[in-house]
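Asker: Sharing a structure with you now.
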Amino acid sequence: MKISRQAYADMFGPTVGDKVRLADTELWIEVEKDFTTYGEEVKFGGGKVIRDGMGQGQLLAADVVDTLITNALIIDHWGIVKADVGIKNGRIAAIGKAGNPDIQPDVTIAVGAATEVIAGEGMILTAGGVDTHIHFICPQQIEEALMSGVTTMIGGGTGPATGTNATTVTPGPWHMARMLQASDSFPMNIGFTGKGNVSLPGPLIEQVKAGAIGLKLHEDWGTTPAAIDNCLSVADEYDVQVAIHTDTLNESGFVETTLAAFKNRTIHTYHTEGAGGGHAPDIIKACGSPNVLPSSTNPTRPFTRNTIDEHLDMLMVCHHLDPSIAEDVAFAESRIRRETIAAEDILHDLGAFSMLSSDSQAMGRVGEVIMRTWQTADKMKKQRGPLPQDGPGNDNFRAKRYIAKYTINPAITHGISHEVGSIEVGKWADLVLWRPAFFGVKPTLILKGGAIAASLMGDANASIPTPQPVHYRPMFASFGSSLHATSLTFISQAAFDAGVPETLGLKKQIGVVKGCRTVQKKDLIHNDYLPDIEVDPQTYQVKADGVLLWCEPADVLPMAQRYFLF
């Protein structure tokens, strides 16, 4: 018996050779592989396959998955494939073909009475986003981020303090302890960065031992060559990452001075274009160094006709500047350059900028990391055409390049890729389901550690789950001890060895960062291009390997107003 390709897609979702449009963009992905055995697909529902003696077998709980996502279209850095995904004990247990091995062939994921089912037919499945530029200004950010599809937040802060409004720093052991304790309340993987701006090792070491998973160098605290050198030395000793916001005013040196202070050691450069801060006008040069792991923040993503205007006011507020002081205004204006922002679009498309993050409430929007990543990808396809690596009629490589920017690459950079950042067996089951029409904008379901933490949900008093008003609501994995079992608090190995979780009474699962100091740009997947960057000091024009980088600002973006009418 045969059915039409359209009927098959309607029933089980797209299969090999089918193409799917991502939201209202011009990006199209094509299914590369389908793990199913045609005719043996499993699907739940009345009169469907996953019933006792059919697709569901008789095995005990130990031998079947806890949760099965059926027939989902996976988009990840490693591929665009159709598969069943099995989850066991909060981790991804299998990617393959589900069913009853007693009666079905080629089953790699056993289904039993202990198995819950989530229908993935016609849905896109991605790893939860990893946002590594968080100012922890208010706890409400965490819900905003979760509902956008972000499941890991890394950064610093203590609340709406003036220092936190400007810098991603949780300074000192006392503040670190309070923030670690607070993080127990949220269905989000969280890691904190300490203050890196000091010229002697002691104050840095005590922060790492208190739980910091990294150290942040910020110009507002004084990012001098001495502070950079000291911070990187401590990071090398304790295997934590260093993030840097460089010296916009070039007071203690120019970009060449800062790059020399790195001494070829690994460092994560925040908003490497410079509008978010950094050596004016040429911090963008840093993306050509093999030891530099470059990221963007989302307000400049992508370059539009409104980008310049909104940035000036943003900057004055976030960095405690006074519009009545001429020097403060000049400082702000030096950071906002059309030419370098336009170049940033293209450098992302070339894979020279490797990551994208938010800069939450401090010149960035915490709920728009994923959306702005795909808006940038769409703008670049429209302006630059298909990438050479893309197949005929699809944007698969571009999709893999861009999804890596907010999933696997930030996870690799901060030493947590053994736990999160991709859909791979053994990793924490932080997964996001999307309807293709709403991809990147509004997820349908967010899983944390294999349990549903948030979802679109209709009227709770209705007779079915779907009546309006439909909006995002926290689900059971956001409450009680389930929250502690399904989310991670990341700390340093030194803090783990010192017994910090026990001392502070932390209840969430503990993740330990590792491998931070050996990462090089060549390790950042699909985003490892090392261009030779030149910036004209008069015109701010940017060239990469001798080629001028310029693109027009967008007047209209996809994934925008038509999705936010209410």
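Cβ coordinates come from backbone N, Cα and C, glycine included.
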Asker: Swiss-Prot has LYS216, HIS245 down as binding Ni(2+) 2; which of HIS271, HIS279 does it also list for that site?
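Answerer: Only hit among HIS271, HIS279 in Swiss-Prot's Ni(2+) 2 site, alongside LYS216, HIS245: HIS271.
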Asker: Which of ASP349, ASP359, ASP378, ASP390 shares the Ni(2+) 1 site with HIS133, HIS135, LYS216 per Swiss-Prot?
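Answerer: As annotated by Swiss-Prot, HIS133, HIS135, LYS216 share the Ni(2+) 1 site with ASP359, chosen from ASP349, ASP359, ASP378, ASP390.
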Asker: Which of these recorded positions is closest to ASP359 (Ni(2+) 1 binding site) if you go by CA atoms: HIS218, HIS245, HIS271, HIS319?
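Answerer: With Cα distances computed to ASP359 (Ni(2+) 1 binding site), the winner among HIS218, HIS245, HIS271, HIS319 is HIS271.
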Asker: In DSSP terms, helix, strand or coil for HIS271 (Ni(2+) 2 binding site)?
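Answerer: SS state of HIS271 (Ni(2+) 2 binding site) = coil.
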Asker: Please report how many Å separate the Cα atom of LYS216 (Ni(2+) 1 binding site) from that of HIS271 (Ni(2+) 2 binding site), as a whole number.
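Answerer: For LYS216 (Ni(2+) 1 binding site) versus HIS271 (Ni(2+) 2 binding site), the Cα atoms are 13 Å apart.
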Asker: Please identify, from the recorded positions HIS133, HIS135, HIS218, HIS245, HIS319, the residue with the sparsest Cβ neighbourhood, meaning fewest other Cβ atoms within 10 angstroms.
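Answerer: Checked HIS133, HIS135, HIS218, HIS245, HIS319; of these recorded positions, fewest Cβ neighbours within 10 Å: HIS319.
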Asker: Which whole number is the mean pLDDT over the domain 'Urease' (128-566)?
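Answerer: The predicted confidence over the domain 'Urease' (128-566), as a mean pLDDT, is 96.
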Asker: Can you tell me which recorded positions out of HIS133, HIS135, HIS218, HIS319 are within 10 A of HIS271 (Ni(2+) 2 binding site) by Cα, answering none if there aren't any?
Answerer: HIS133
